[in-house]
Amino acid sequence: MSIKSDKWIRRMAQEHGMIEPFVERQVRGEGADRVISFGVSSYGYDVRCADEFKVFTNINSATVDPKNFDEKSFVDIKSDVCIIPPNSFALARTVEYFRIPRNVLTICLGKSTYARCGIIVNVTPLEPEWEGHVTLEFSNTTTLPAKIYANEGVAQMLFLESDEECEVSYKDRGGKYQGQRGVTLPRT
């Protein structure tokens, strides 16, 4: 597998709709305002977080069960910022909608700006022929509230191209998160 460059990412986004909306350069500021960078980088794409958040709460004293997840465990927030309570987490989604080629696996890594503040981003790999908005999980590992900014960079996608296509893709399997839009909770 080889990692793909900015030229390949740009071509796949523009000719095949791999990333929509697509920002073909790295944005570090908007006017006089500084932002956490997003858009194409040398060997990746820095995604933005949309303004839809689900913040974990324990007001119902529920047990977290991935096979029977209770939606009431979250408070929905639509805002330019999200405050995550200490030692808690929030879900969000990317602004970008992805269409992953059949011979590509995409890995997501958190941005150092957030990591250096104790905020960890977790996303499982985007499998061959998966498409949708990426659901992002932000863990606040600190003892203080932590802030996430909507419409700014939160993570980087790395695209790894295989030397041969897989026999069965995510789409072929009928993956349960295929075509997801918005913030998507656990499914079984």
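Glycine too: its Cβ is placed from the backbone N, Cα and C atoms.
E137 (active site, proton donor/acceptor) falls within a strand segment according to DSSP. Look at Swiss-Prot and you will find E137 tagged as active site, proton donor/acceptor.
In sequence order, no residues are near A115 (dCTP binding site), counting only same-chain partners six or more apart with C-beta under 8 A. The dCTP binding site annotation in Swiss-Prot covers K111, S112, T113, Y114, A115, R116, T135, L136, E137, Q156, Y170, Q180 and is backed by sequence analysis.
Of the binding-site residues T113, T135, T135 has the largest number of other Cβ atoms within 10 Å of its own Cβ.
Annotated pair T113 (dCTP binding site) and E137 (active site, proton donor/acceptor), C-alpha to C-alpha distance, rounded: 16 Å. Every protein chain considered, the tally of other Cβ atoms within 10 Å of the Cβ of E137 (active site, proton donor/acceptor) stands at 15.
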